[in-house]
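The next block holds one structure in the form of structure tokens; read it before the comments.
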């Protein structure tokens, strides 16, 4: 996708480490759960885009110093984030030695304004806004969390967080940035982190995870993948929802959008191994919050609380155009989740995380929790109320938040994320083989929804 | 028949203690004991003479008016000369210390990671730094400036200036707030910073920022090492003798940004492990109006320079290693040289501060060794008698251990030094002020207490100052000093080796 001779517009200027303000109790160790460890080599990358730099105004002389102050303070609450990975005492699972070694923070400059970037950059360029590093053989001196602060020409800012999936899932990583924003603004946390759960609610596996070591090579996918992000407005999604409500009264935007996309993609999908007439996708939901699940994992739990499961549906139903019916299957599947972990869909092949089928990631739980329906990631506002706020500028909400995954091998990935506007509007990031993306973008039904393309390379 | 058992140790030592006490009391109040009988006999004699005898005594002296007036003038002249030639008292009104922001903190694990990632590092030098850090006596809350926290460290002049501005201006603002001094009222400004000396100087930077007068006497001392703090105090003291009714601001700091050593020579890696950010500003005055509110009065400053001896001169030196990296090389015989310098210093200091009893014993044993029997052990005076508090430059754990041993100090007397080293690291010339602040924050500083500050520095120099506390310092009234938020956690047990 990169044009010939196209140079990256992002230039990293400096790297440093930031530690917490107060020392951690010596000897503290955090054991990663089984689910954490089964996340293997995957990595998470989140970028928060802001229209203005909230750190340019503050008690210290440079904005680097200003964000170090609030970041150090909030890291007091997250000793796991500043620790380092070591092998457990029995040589088995990974654990985190909370030794205050710190997180890496990079400062970079982007040769574009935020709007230009959102319009013209593609996923490959967006990679430059976060740090993409694989875990080395000896991770004792390697920082699993890396934050990159990117300054745009217009004064906008993009905060890029990347971390290993073993340490956190997208909810925890999002809440880390949200806590940072909370601390910066009000010095209190809306969702204080919890690192251990009572044993009966602890994420369990029903299948043994494949042991992850850094030497496991992930073979690159044979086909070239492309990614687009489409922002569907509230009314557009509402239209779909009303269409599906006849058969699925409790449909959520995730259900209906997955159903819509799946019905398009089904034509090109690989048939199910056992039965040519079936198609499957892997659905990834979060077990936190109050989704009426049996296990109550609080939203502030820091770690992995995802559940992966496979949904298989007759191919005819997908291509018949009965959106409501497919939506009902998806919805039923999501609601029936037993709890966090890997669960077999049909009791056949063991489930893997993020593959090999298309994986659909839901973040609906990040919308329900807020009272006024605002998504949590869009409430990460860096206010300067309690600092020397000379210009009295109120902090801004993020313009856009993007999520990507590293080392994910599979047929594709669909991530459904709320948008800045309150309501059913969603931004859907679709990763599929290049031709399928092209066809998807030309599909009439999709075009009817009038989605705005961001970070899609100017499509 | 068995010999009688020797008297038990306890009663022997008690007897000895009383003898010692009696001796000290006798010698220290010798003049009193001498004067008392003389005064008594004179009074008795005066009471016995009748007024007539007194009259005849006066007449026989044959005093004329001229004699009386001229002798009166003589007396007045002599007393005026005496009063005028006495040194002006120098008061320390207050001091302000730099408390680094929590985001500048350096953890052991973070330090070791950066050491590993440094461009010229090799496993041996990393291992060496780890060993040093484990035994250093530093804690996990010391601070380094941002330039050194970059990977790789990026010391440049801009960042050095920023660090200087942050440290010095914070101290000055705090000093102005605590003492109420107006920058336009400052007569003398002395600043010492050993390793960073830009043009215009750091004193010019202060004059510019605070709008000081055009005839302020400013002095910028650089290159004088960790003992430069007391050198600045000495300079300010001498200037205050010359200028009546004046005040002086003394700023002591060390700017670390330009001085991170980036090579692998082990003798030069030590300062990386031990030196941390810090700074202090002190207001001195010789005005009578400050007499009431001043915290301390400067009693003595003794400076000893051993630079004439080659070994002492070369023991701490800034040089380039074989790869061209500049660093400060510490020689292996540093502790021995420091011991020698200390001995010289206290030999000069002793007569000024020790009570007469100790001086007599020292003199007797000295004479005895020279004339009677050179095998007698030299009597080392007990400095604990002369001082109530000790501030030993927190150069490193070895320095404090060595001084504790040679001066026979108790653990409580070196507590201020050890805890300052733990909380702030080796902040070079300002470490003495952090230690003084610790003693004050603990509520131990009472009126009349005498404090001894000892500093060592490259050259090789040993400087010491004696302060007398002017008014009891109330720890709760301390305007957010550097120890305010953590004093209750101290003293902390510092293990010999911290396992990293």
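Every residue gets a Cβ built from N, Cα and C, even glycine.
Just so you know, TrEMBL annotations are computer predictions that nobody has curated.
As the structure is a computational prediction, the values presented were derived from the model and not from experiment.
Here is what TrEMBL records for this protein:
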type     : residues  : note
ACT_SITE : B:226     : active site
ACT_SITE : B:305     : active site
ACT_SITE : B:389     : active site
ACT_SITE : B:393     : active site
ACT_SITE : B:422     : active site
ACT_SITE : B:426     : active site
DOMAIN   : B:82-371  : domain 'FAE'
DOMAIN   : B:387-468 : domain 'Beta-ketoacyl-[acyl-carrier-protein] synthase III C-terminal'
TRANSMEM : B:23-44   : transmembrane segment
TRANSMEM : B:65-84   : transmembrane segment
Neighbouring active-site residues, C-alpha within 10 angstroms of residue B:426 (active site) - of B:305, B:389, B:393: B:393
Candidates B:389, B:393, B:422 (active-site residues) - the one closest to residue B:226 (active site) by CA: B:393
Same-chain residue ranges lying at least 6 outside the transmembrane segment (B:23-44) that approach it to Cβ under 8 Å: 355-358, 360, 385
DSSP residue counts for the domain 'Beta-ketoacyl-[acyl-carrier-protein] synthase III C-terminal' (B:387-468), split into helix, strand and coil: 35 helix, 21 strand, 26 coil
Position of peak Cβ density within 10 Å, selected from the active-site residues B:393, B:422: B:393
Candidates B:305, B:389: member of the active-site residues with the richest Cβ shell (10 Å): B:389
Reduced DSSP assignment, residue B:305 (active site): strand
Lowest local Cβ density (other Cβ within 10 Å) among active-site residues: B:226, B:426: B:426
Of the active-site residues listed as B:389, B:393, B:422, the one whose CA lies nearest the CA of residue B:305 (active site): B:393
Residue B:422 (active site) to residue B:393 (active site) - Cα separation in whole Å: 13
Model confidence over the domain 'Beta-ketoacyl-[acyl-carrier-protein] synthase III C-terminal' (B:387-468), averaged pLDDT: 93
